[in-house]
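I have placed the structure first, in the form of structure tokens, so that the comments after it can refer back to it.
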Amino acid sequence: MTTFLQQVFNGLTLGSIYGLVALGLTLVYGILHIPNFAHGALYMVGAFMSYFFMVDMGVHYWIAMAGSAVVVAVLGIICERLVFHQLRNSPPIHDKIAAIGILLFLEAMVHMFWGSEFRRMSSPFGGVMNLDGVYLREQGILIIASTVVLVVALNLFLRKTMVGATIIAMAQNREGAFLVGIDANRVAMMTFAISGGLAAIAATLYAPLNLVYPAMGHLVIMKAFVIIILGGMGSIPGAIVGGMIIGFAEAFGGYYISTAYKDVIAFSLLVVILSIRPQGLFAKGAH
Amino acid sequence: MHPASKYVLLAVALLFPALASNEYQVYVMATAFVWAIAVYGFNVITGFCGQLNLAHGGFFAIGAYTVGLLTSDAGWNFWPAFIAALFMTAILGFLVGAVSLRLKEHYFAIFTLCVGFIIYLLLDKWEELTHGAVGVRNIAAPDGFGLVNFRETMPVYYLVLFFLVFIIWFTGRIQKSLVGRTFIAIRNGDELAESLGINLMKTKILAFVISTTYAGLAGALYAGMIRFVGPEDGNILLTFNMIMYMLVGGIGTLFGPLIGTVGIVWLTQSLQFLEEYRMIIFGPLLVLLVIFFPLGVCGSFLTWMHRKAQALGLGPKKAKSESKVTTSDQEAKNNA
């Protein structure tokens with residue numbers, strides 16, 4: 001029972017991180033219909049920015065996280081303006097290739113500045129709580145709590161504010177949104193900013209449990225893609241639910257099946273599900 | 001493209017070892033040709049048929065590993081292993097294609113990205129079969145049957161060139177055939193192609209199997225030439241490289257993959273001092289290409305030629321054929 005509960009906790013931690021990354025990806029997809037392959041690179045840059053702020057500038061964890069979120073949000077806006085905006089009338093294959101170009105560039109830049117070695121990032125929440133044999137890492141609790149706060153905040157922002165409503169409107173119906181005078185450029189920039197910020201926060205939350213290195217985004221972005229396909233591309237609740245599915249599948253699969261193959265589990269799950277349901281688990285109609 | 005220019009290209013390729021200043025250059029050229037063969041496969045599925053298959057590099061690795069494992073562990077000769085690699089990639093291509101091609105556009109790209117990653121992870125983790133991160137050593141060189149020694153650079157160069165010429169010829173035949181035209185019809189629109197009576201699934205799977213077999217062929221040659229394969233040969237970055245080769249040369253054109261691959265491989269050679277940082281140049285290059293020159297070198301050249309022909313030949317006799325060309329502009333570009 002304790003090992004089971006332990007895996008539940010691990011699954012929740014992983015699922016929260018995946019959910020946050022997938023959330024940014026699904027927002028961009030829902031509004032701009034771009035599968036942003038560079039999202040994993042934004043996540044990676046987020047971790048390195050936090051590392052830079054914490055280790056080189058010596059600021060506190062929270063401030064580093066905020067600074068990193070701002071930097072990556074701006075980076076997202078730059079990508080949108082310089083690249084995706086220019087390609088808005090191109091065939092969809094061009095968006096994907098351009099996103100790959102951004103990914104390669106960002107990785108090479110980070111590689112040049114920081115090298116390829118693995119770095120460890122500390123956090124003020126290094127302790128472990130023992131609850132009847134179940135070990136709860138403080139960082140894990142922080143991750144779960146932060147995810148809940150962020151998701152609730154994002155939801156309130158999207159539902160209760162005018163600015164958020166324009167994003168929802170764009171996702172629901174592009175032409176309709178233009179018709180009522182919504183500025184598409186502003187919505188696109190804002191979406192990229194939120195998406196980048198979420199990626200940076202997720203990276204900063206997860207980095208203390210993991211390591212920081214230029215290729216750290218590869219697996220995460222691919223899992224995030226698996227998640228948004230499972231949850232329906234563009235769906236916000238789908239991203240969270242999908243994130244939890246993958247998180248739990250990995251925690252339990254890693255423990256009960258094989259640790260070496262735990263990364264294969266997510267992808268195999270996708271292959272199996274898409275073989276049976278090509279439109280994804282929760283997709284409603286055509287997207 | 002002008003018919004004579006093909007023979008000029010071929011002559012240059014045949015004479016290249018004589019023109020090269022050292023053996024290393026010949027070796028680099030042979031590697032570029034191997035990549036070009038794989039990129040031709042990529043061009044069939046992505047350029048002609050319009051499906052971005054991000055597992056393409058994985059099939060290259062499967063071809064290379066099939067030859068590697070059969071020759072080093074099972075003690076086969078190179079050529080039987082080579083044939084086995086072709087069958088292996090064709091069969092796996094069929095299976096993966098049958099599942100993945102039910103998905104459209106982004107779903108297909110993401111799905112194949114995951115397939116590519118599964119291939120990479122298996123190569124890296126399935127140690128009993130693939131030797132894991134150590135890789136496969138002692139791969140047999142292609143058997144020259146006592147006539148030539150394919151352990152040397154020159155014979156290998158001509159061997160690879162032979163396969164490259166064959167692949168270009170074969171791709172040209174596909175492009176001109178009805179099958180090739182159905183590929184292009186699918187790229188231009190799934191629904192439209194279907195309403196013309198094209199069996200979408202069958203045609204897409206055919207394109208996919210052709211492309212993976214090309215990748216397998218390239219991988220098999222690569223294994224015989226380098227005689228070592230490791231999991232990094234299945235890295236997703238290789239697929240990204242191939243996208244760049246194809247895009248620079250001209251997506252969906254017959255000579256684009258060749259020009260793009262050879263051009264970028266030599267550019268990479270001259271940028272050796274950048275080493276792993278070369279993506280700082282190539283990443284933005286990729287972005288600039290899709291924004292400003294989505295047709296690539298070959299495509300832009302053909303469009304330019306086409307415009308010139310249009311501007312020059314507007315006589316009454318030519319006007320008729322000219323108007324025919326403009327209506328099927330896209331197709332004309334691809335046939336040239």
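Just so you know, glycine gets a Cβ as well, placed from its N, Cα and C.
Checked against TrEMBL, the range among A:12-32, A:33-53 recorded as transmembrane segment is A:12-32. Scored on C-beta pairs under 8 angstroms, the neighbour of the transmembrane segment (A:61-84) with the top count among A:12-32, A:134-158, A:187-206 is A:187-206.
Here the transmembrane segment (A:187-206) has Cβ contacts under 8 Å with residues 17, 20-21, 23-25, 27-28, 31-32, 36, 39, 42-47, 49-50, 61, 64-65, 68-77, 79-81, 84-85, 139, 142-143, 146, 150, 154, 163, 166-167, 170, 177, 216 of the same chain, all six or more residues outside its ends. Tertiary neighbourhood of the transmembrane segment (A:96-114): same-chain residues 34-38, 40-42, 44-45, 48, 51, 79, 83-84, 87, 214-215, 217, selected by CB-CB distance under 8 Å and a gap of 6+ residues from either end.
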